[in-house]
Amino acid sequence: MKFTKMQGIGNDYVYVNCLEERVEHPSETAIKVSDRHFGIGSDGLILIKPSEKADFEMEMYNADGSQGAMCGNGIRCVAKYVYDYGLTKKTQISVDTKSGIKYLDLTVKDGKAVEIRVNMGRPILEAEKIPMKYPQSPVIAKPLNVGENIYEVTAVSMGNPHAVVFVEDVQNLDIEKVGPDFEKHQAFPESVNTEFVRVLDRKTVEMRVWERGSGETLACGTGACAVAVACALNGYTEDAVTVKLLGGDLKIAWDREDNLVYMTGPAQVVFDGEIRL
Ligand SMILES: N[C@H](CCC[C@H](N)C(=O)O)C(=O)O
């Protein structure tokens, strides 16, 4: 199977051009290719497919083989792939996903897409749609018992579920312990991606993320969007912020008029390859 390894601020996936390749068992393939010793090494697998409804379709799988509904860093890389590899000449493209069609604007330099702005759609705050069993007032972070601690949590869906947790110290957080506590928490019937965030000032936050099905990743685009919405909702920041993640920064802006969230960031190709599965 031919593939292209790409990363969006360190959130790395194996991409397969399914206009040319066939992936019979994507879930098993995701597990195999994601293994950082016996496979290629990645946070998961992303299939680039033809679409009747949009220019392309993105299908995303986590490292544990579970299918995700949306991937912010991934969709920027999909846009870069289809432009750089000549599948389209358009610099405004649409990509269908399990959480609806997303619209992207590409910034091109020397014939390559270098920065991509994504309309990530509406943030979903109703607990039952996240889904989250725990009632929440979307404005104020609510205390939630997780493991031995109580955390301030604001839940936001960006087409996939996120628990945004405000903490004083992001860098020294024992995320290997706390992350799985959230991932398995009974308040989230479909599990959850958990972002641990510290507000630095009204325009800047720093975060780490424990992803459902992949563990800690260096970045999470949908997670950064959920963080920006949660910080603005709780009155901690402006509606447009720089989100600092382990792998780099993303610019997130929540347009309250249209209630749409925009994410801007880079996408890079690491290498092309072929793997015998
Ligand atoms: N890393 C992705 C999110 C993956 C979400 C996935 N872990 C799930 O919801 O199952 C991003 O950049 O948005």
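One-based numbering along the chain as shown.
Including glycine, each Cβ sits where the backbone N, Cα and C put it.
Please treat TrEMBL annotations as automatic predictions, because they have not gone through curation.
Keep in mind it's a predicted model, so treat the numbers as computed, not measured.
Taken verbatim from TrEMBL:
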type     : residues                                                                   : note
ACT_SITE : Cys71                                                                      : active site
ACT_SITE : Cys71                                                                      : active site, proton donor
ACT_SITE : Cys220                                                                     : active site, proton acceptor
BINDING  : Asn11, Asn62, Gly72, Asn73, Asn160, Asn193, Glu211, Arg212, Gly221, Thr222 : substrate binding site
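Rounded to a whole number, the distance between the Cα atoms of Gly221 (substrate binding site) and the residue listed as 'active site' is 7 Å. When the Cα positions of Asn11, Asn62, Gly72, Asn73, Asn160, Asn193, Glu211, Arg212, Gly221, Thr222 are compared pair by pair, the longest gap among these substrate-binding residues is 16 Å. Other Cβ atoms within 10 Å of the Cβ of Asn11 (substrate binding site) number 30 in total over all chains.
Put plainly, the active-site residues Cys71, Cys220 were compared by Cβ crowding within 10 Å, and the winner is Cys220.
Glu211 (substrate binding site) falls within a strand segment according to DSSP. Its own atom aside, the Cβ of Asn160 (substrate binding site) has 26 Cβ atoms within 10 angstroms in the protein chains shown. Packing around Gly72 (substrate binding site) is summarised by its Cβ count: 27 other Cβ atoms lie within 10 angstroms of its Cβ, all protein chains included. Cα of Cys220 (active site, proton acceptor) to Cα of Asn11 (substrate binding site): a span of 7 Å. When secondary structure is read from DSSP and collapsed to three states, Gly221 (substrate binding site) falls in the helix class. Note: Gly221 (substrate binding site) has non-local neighbours Gly8, Asn11, Cys71, Gly72, Asn73, Gly74, Ile75, Arg76, Val118, Met120, Leu250, Met263, Gly265, i.e. same-chain residues 6+ apart with C-beta under 8 A of its own C-beta.
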